[in-house]
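Peer 1: Dumping what TrEMBL says about this protein:
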TRANSMEM  B:12-32  transmembrane segment
DOMAIN    B:100-305  domain 'ABC transmembrane type-1'
TRANSMEM  B:104-128  transmembrane segment
TRANSMEM  B:140-163  transmembrane segment
TRANSMEM  B:183-201  transmembrane segment
TRANSMEM  B:240-266  transmembrane segment
TRANSMEM  B:286-312  transmembrane segment
Amino acid sequence: MADNNLLLDVRDLKIGATIQVPGEKPYDIEIVHGVSFTLEKGKVLGLIGESGAGKSTIGLSSMAYGRGSVEITGGEVWLDGEQILGHSHDQIRKVRGRKVAYVSQSAAASFNPAHRLGDQVIEAAMEHGLSSRSEAKAFADHLFAKLGLPDPDNFGRRYPHQVSGGQLQRAMTAMALCSKPDLIVFDEPTTALDVTTQIDVLAAIKDAIHDTGTAALYITHDLAVVAQISDDIMVLRNGEMVEYGSVDQIINNPQEDYTKSLVSVRSILKEEGGELDAEPVLNCRNITASYSNSIRVLHDVSMHLHKGQTLAIVGESGSGKSTMARVITGLLPQETGDIYFKGQQLPRELKQRSKEELRSLQMIYQMADTAMNPRQTIGQIIGRPIEFYFGVTGREKRKQVIELLKKIELDENFYDRYPAELSGGQKQRVCIARALAAKPDLIICDEVTSALDPLVADGILKLLLKLQKETGVAYLFITHDIATVRAISDSIAVMYMGKLVRFGPKSQVLEPPFDDYTDLLLSSVPEMELGWLENVLKHRKMESAGH
Amino acid sequence: MLSNPLIRMIAQRLALGIVLLFAISLVIFIGTEMLPGDVAQSILGQSATEQSLANLREELGLNQPAYVRYLDWVGGILQGDLGTSLTNKQDIGSMIGTRLGNTFFLASVAAVMSVPLAVLLGMIAVHYKDGFIDKAISMSTLGAISLPEFFIGYLLIYFVAVQLGWFPSNALVHSGMSLMEKLYAVALPATTLTLVVLAHMMRMTRAAILNVMSSAYVETAELKGLSSFKIIFHHAFPNAIAPIITVVMLNLGYLVVGVVVVEVIFVYPGMGQLMVDHVIKRDMPVVQACGLIFAATYILLNMTADILAIIANPRLRHPK
């Protein structure tokens, strides 16, 4: 190698996979079509793209690893002067965990539940004979402290289920760093975390790789996150490189249309609704609810929502926002408090509610996949509520379904197709149509865009707003994503630990003066500017010093 | 103490086991009551007269109502007295004692042979998944389980005992023998039992490990560069252990309870033979005692499986 600083040199990488549809002959497809990039020692390259862009697959190829039926079919991967694709199984074992380490999206699933964290963290170093057990343990404790884990000397004695998700993600970073690799592949390490946790983990990762001089491939779908941590960024789409350049160039001066659309995503903004009917569609008064009579998950929560408007309930996992939806739908009857729907008191339990009440309150779920019967056609799925609530059958039903399909911007051909043939965004559209088919007054949207790529999610949000304008339906929008809240809501309820922290029209809730939690939540949302992370952390330090 | 969920769950299992045992004692008693035939008739045989039958029934306590006899029986058992045999007037406890020891001895030898072998073969099969070795292991163990045990027994007797002369064809053991002599004597029946239970345990081990092989933590282990056997043994096996334990315990239960045929073939003085003999003689107290002991063994083993599976779960062993 001419360049001594060059660590990873990927040339014309091609990756294929075998698709096996039950009952059909397996066939091969190519998922990465000739991608090349280089990475110098101690640098961070961000790989960014939507799902299916091939970014994780490319990241894992630097360890010569293919998940499931994925196989590297062409090209070269030079790691520190060695072409690792030609390595035998035993040779590649000496690269994995020693020269390259991997941090996955879900640390909770990636730690073995049967072993203590400490043993797992030092395992790679032990396996490769890099240090003695006591040395490795001392280094692991050092890393735990560096990554800001509580009680670092004893942290390793705990089991995965005994620590939180954010702590596990840090522990996994420690596990990767422990064998002092040259390169770490971070595969969406903060995506599964709450936004207030994400910022700390992000800062910890950034510090740790900076201090140890480890190079990194940082894979994410969130451009704002990768802008905080990378030196260079490669934008990928459908297994091909779209754009490759320095962070500054990609964020501030994107050349390709696709990159521009990623940078400018969330262009939607709903104007806050003005005139309000005297009576809200939904009015929840002092709701208290518990699971199995012991753990109280909602404490005295009140909120209301008017016709044709969107109320966004925002909060982190465990805040009680989904529980609120379960109470409103009657799945979890509240202990105390009342719910008024269109002025009438709503029975607590689902069983006591009339068909009319059921019809006018519909739901859309996060996972469109699991919310549809895979053995029914789209026509049957959307037609079911039409038949059930209005008794419409035959040709008239078909006509109404096709009208609904037009409303969700899908054509007539979808009528006879099955959910499995649709993309994620299309499936969610079908779920929206099914909810609309009942002609409801209120639709509860539970994280409906969380599982979707940003551009697809944007399309769904636009559709929801359009439909709201046409039909005057109200949305109760449950989400953890502040950007979505900004985009579509009229009023906002901020929840934290089962309590309502803040409630009011969007303009009031998102404007200072803030309470402590809302401030923390809003300032934790990554922004697409260089140095944002440092600024926020500096700001927080000054604030806490001032207190 | 009971605030620890682990101890509470184990205590629950124990209590449940005791309740179950009482329920089973009732079922056994009712079952033997319903059996046709009359012990007095079978003792006296052809020479029975009306009078002598009545006298004998009086003597044996057969004229008392069923619930009195049941309470007598259970009360005796609670004090460690299994009653006396109707046919030969011996104390059932001492009659069963040596036989039960023999049965447990044979079962233990078969277990010590079969359990580690099954787990090991299961792991090897996972390592060579879908390859020749995997298929060979599956085919041969399946073949062994498909043959009736008496057939395997006779095959072993013919080839290993008669042709090669390595081991004796009858497995007579008595208290005067040393451990090595006993092991030598039971080699063939233990091998027969091993072949019978191996496939079940091996296949469950394979399936349970394969089930966790697709989990993210196995991928993590692979990306650490660990060797394949270390991944299977250290990372997959501990998480697959609960279903394996269940199947192992079921098979251990079979080794104790289901060995009648093997005992008969190899003339082994165990519980199975004893029970069959006394069913023929209509000697109900002996049959009841055997049944209760078998049931207790089954319950104990399954309870052990439950408890071990609970202990194997790190979430319960190390609460938050």
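Just so it is clear, glycine is given a Cβ too, placed from its N, Cα and C backbone atoms.
In terms of burial and nearby residues, how do these features look in this structure?
Peer 2: Long-range contacts of the transmembrane segment (B:12-32) within the same chain: residues 66, 69-70, 73-74, 77, 284, 287-288, 291-292, 295-296, 299-300, 303, 306-307, 310, each at least 6 residues beyond the stretch ends and with a Cβ under 8 Å from a Cβ of the stretch.
Within its own chain, the transmembrane segment (B:104-128) has Cβ neighbours under 8 Å at 134, 137-138, 141, 171, 173, 182-183, 186, 189-191, 193-194, 197-198, 201-206, 209-210, 213, 228-229, 232-233, 236-237, 244, 248, 251-252, 255-256, 259, 263, 268, 270, counting only residues six or more beyond its boundaries.
Counting only same-chain residues 6+ beyond the ends of the transmembrane segment (B:140-163), those with a CB under 8 A from a CB of the stretch are 121, 169, 188-189, 191-193, 195-196, 198-200, 202-203, 261-262, 265-266.
Outside the transmembrane segment (B:240-266) by six or more residues, the chain places 103-104, 106-107, 110-111, 114-115, 118-119, 122, 149-150, 153-154, 157, 169-171, 186, 188-189, 192-193, 196-197, 200-201, 204-205, 207-209, 211-212, 272-273, 275-276, 294, 297-298, 301-302, 304-305, 308-309, 312-313 with a CB less than 8 A from a CB of the stretch.
Sequence-distant contacts of the transmembrane segment (B:286-312) (same chain, six or more residues past either end, CB-CB distance under 8 Å): 6, 9-10, 13-14, 16-17, 20-21, 24-25, 28-29, 31-32, 73, 77, 82-83, 85-86, 92, 95-96, 100, 238, 241-242, 245-246, 248-250, 252-253, 256-257, 271, 274-275, 278-279.
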